[in-house]
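These features come from TrEMBL:
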| type | residues | note |
| --- | --- | --- |
| DOMAIN | B:93-294 | domain 'ABC transmembrane type-1' |
| REGION | B:1-24 | region 'Disordered' |
| TRANSMEM | B:34-55 | transmembrane segment |
| TRANSMEM | B:97-118 | transmembrane segment |
| TRANSMEM | B:125-149 | transmembrane segment |
| TRANSMEM | B:169-190 | transmembrane segment |
| TRANSMEM | B:275-294 | transmembrane segment |
Amino acid sequence: MSVDTAQPTKDDARTTRRKPRRRSTKDRLVIATMIAVPTALVVWLVWLPALASVGLSFTRWNGFRLENIEWVGTQNYRDITTIYPPFWPAIQHNLIWLVFLFVFPTVLGMLLAVVLDREMRGSRFYQTAFYLPVVLSLALVGFIWQLFYSTDQGLINEVFGTRIDWYGDPDINLWAVLVATAWRHTGYIMLIYLAGLKGVDGSLREAAAVDGANEVKTFFNIIFPVMRPINLIVLVIVVIESLRAFDLVWIVNKGRNGLELISALVSQNVIGEATRFGFGSALAVIMMVISSVFITVYLRIVFTQDQEEK
Amino acid sequence: MSTNTAPAPVEPETPPTNKHAGGTGVLNRKRGTIATVVMAVLAFVWLFPLLWAVYNSFRDYSYTQANGYLSFGGWTLGNYEEAWTRGQFSRTLLNSLYITVPAVLLTLFLSSLVAFVLARFSYRFNLTLLGVFLAANLLPPQALLIPVFRMFRDIPLPSFLSDTGTMLNSFTALVLVNTAFQMGFCAFVLSNYMKTIPHDIYESAELDGASVWRQYWQLTMPLVRPALAALATLQTTWIYNEFFWATVLISRGDKFPVTSALNNLRGQFFADTNLVAAGSVIVALPVIIVFFVLQKQFVSGLTLGSTKG
């Protein structure tokens, strides 16, 4: 190969962070390509569309001819917040989704991880049981829970002798869908915490036990603070998951009638009856703005961890 | 259902009486028993939906209609036959395969390139580069839907890649979109993994005259095989399960992968719960097999990404 290898001295091999030696043209081309091809793909399919969404959100467009794009300023945003009926319910549902995920499956997942982290008999089996739903798609989860929620053939109605349309009744279907989501979400959170707890130094816990601290104290004073970076990551994951939530409501009723979510509203404006690209883009931008706050938080955590390791 | 029953694993209690016995990680007996019971109950609750689906998938519709679902009996394989043909699973499963396999391979290949550069060299733009990929991974896909959808409608593809002639309704589109989204996670995990490779190896490889490409392909890639295996498992399940893009970019029935085909089956199946059960088992089976065969890879893949080390 064509690298000039004659001159490198022994001592610069020891210091890893030094000025890179001059590489051959071929090597530099290879490095450039290694970065350029994946970057081009992600810029083309993620970053340019993101920018385009922002641009389109200030226009009115039916999605056909480019010259029909009509600049309307902030009209779409004003319409969304004032005269678009499903918007505020959707925001509310997304918020309920977020709070619910935190209060039930996230806390439960954390507790499960704390207990299963011990040398408990059958721990492996329990772990498998809890994260088995994690491998299923949320659309399929919605399908499986139909076995419980069906009005005339569902298990719940059969056991309680009721005839409730769990997926259809706009007052309760959000909760029905949330329970199904929780079934999958708990195992996911448990897994993340289990991995994090492996990093908790056993001697810390031992010291606490010697000091006579009980389990609850040990957890709050020792384990929880050590898990701080994981808590932050979980926070971001939960926020982003609840913002992206889509599959389940789409499979149930395409995000209508009690199951409005912002993600579903965007999709309805593109593949629904009316193609309102400008309006849909404005909804998309609202999603993007909310998520970018948390993405920034996430990147900061990840990058500070990175710095600490160096 | 009772998913909301919080367990009480850490009952407040008097401090342990004998400090000498009992290792650090082991629960004492009383608490151990409570924990075991709570865990066993919860584990059963968690497995129940799947077990219930399997159970009812083998039961005859007319039998359950006559005797209710809380009965026992009426065994049949008919639901599977019917679900298989009506759901056109032989085609949708194959479609899923055509999307998942290339997407996983492409994702791993492209992200390993980025990860290698990030781990091997310390350029000033490294952090920015990682940010570009990672943030893309977290962005809600719905936020990009409109431009991507519109663009794909106008991009012509040669007929061997798409028989509709455009990227809309083509497997190519799904492969590329999935790849673009998943690269961030994989590049992140892989570059962390690659950073554990001692730098001296590269130094000596360079002394031997190995080009950058050879260092990547013959030195780094074999060493990161465990991470690649873990990511491959994880990505296979994720891309197989991917629902949003498959729903919005594919509108032709013969092109649907399994997950988005559920959308169409809903109307046909929801009147017959036993059919729903059989269909669910068919869709779940591939990922559950992957999960049980490669469980270790799956778990380590997820945990590689969420924490470090």
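Numbers run from 1 along the shown chain.
Just so you know, glycine gets a Cβ as well, placed from its N, Cα and C.
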Among B:34-55, B:97-118, B:169-190, B:275-294, stretch most in contact with the transmembrane segment (B:125-149) (C-beta, under 8 angstroms): B:169-190
Paired segments the transmembrane segment (B:169-190) and the transmembrane segment (B:275-294) in contact, 3+ CB pairs under 8 A: no
Residue numbers, six or more beyond the limits of the transmembrane segment (B:97-118), whose CB comes under 8 Å of its CB atoms: 126, 129-130, 133, 171, 174-175, 178-179, 182-184, 186-191, 193-194, 216, 220-221, 224, 228, 231-232, 235-236, 239-240, 246, 257
